[in-house]
Amino acid sequence: MSRGPGAFAPDPAPHMPEGRVVKPDMSPPTTFVLLRHGETALTPEKRFSGSGRGADPELSDRGRGQADRAARALKAHTPPVDLIVTSPLARCRQTAEAAAGLLGLDVSVDDDLRETDFGAWEGLTFKDVRERHPDDLNAWLASPSWAPTGGGESFDTVTARVAAARERLAASHRGRTLLLVSHVTPIKTLLRLALGAPPEALYRMELSAASLSTVACYADGNATVRCLNDTSHLRQI
């Protein structure tokens, strides 16, 4: 779903008061290891699968295998994972439980890590939506403030709750390494915010099932992307 560079207005650049000197933050960052859940039956069909309309598919057999391989990769992660936080949806909870069992950690649930509510588009393919709701789809692709047909969530709404989760978790676990098990939109949003990229960047990132990405968040508000869409642990599947 690529869009041209004018699809969204860029976020305004932060204003720095004249004469102010900002010292770099040398304290250890809060590291977010971002794990997308393994495949469900809907994933290979590229259907909209969010948090709306009661849709909550579980992992497929392939998805469970992906979750196990991701867990083994996380076992060797440096620095080691201190805490696991997951979306409440079944596919993420199952993926998180695979990691928790191998790492010997408990799993916490954060509702703000859930996937976008895609409204009436839940369970449909992109082609289906193009045929049934062309005007709404075009508006949604052109503006982060436009919600899917039938009362879904806009990207602006998702960004607000994901950013709130990031700030809350970073403040509560300063200097620690957290595994966040989530979905395409929340993970891409965390990566986009770390890069300071405009909303259209969501369409310019590939994020495979059971992939690993990493973001480091510093106390001064800066962030860096250390890894994006690592699938090396899945090569044998």
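Cβ coordinates are placed from backbone N, Cα and C, and glycine is handled just like the others.
According to TrEMBL, the features are:
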type	residues	note
REGION	1-72	region 'Disordered'
COMPBIAS	36-48	compositional bias 'Basic and acidic residues'
ACT_SITE	His37	active site, tele-phosphohistidine intermediate
COMPBIAS	55-71	compositional bias 'Basic and acidic residues'
BINDING	Arg91	substrate binding site
ACT_SITE	Glu115	active site, proton donor/acceptor
Collapsed DSSP category at Glu115 (active site, proton donor/acceptor): coil
C-alpha spacing of Arg91 (substrate binding site) relative to Glu115 (active site, proton donor/acceptor), in angstrom: 11
Distance from the residue listed as 'substrate binding site' back to His37 (active site, tele-phosphohistidine intermediate), taken between C-alpha atoms, in Å: 6
The residue listed as 'substrate binding site' CB neighbourhood, other CB atoms within 10 A: 28
Site with most surrounding Cβ atoms, counting all protein chains shown within 10 Å, from the active-site residues His37, Glu115: His37
Reduced DSSP assignment, the residue listed as 'active site, tele-phosphohistidine intermediate': coil
Where Arg91 (substrate binding site) falls in three-state DSSP terms: helix
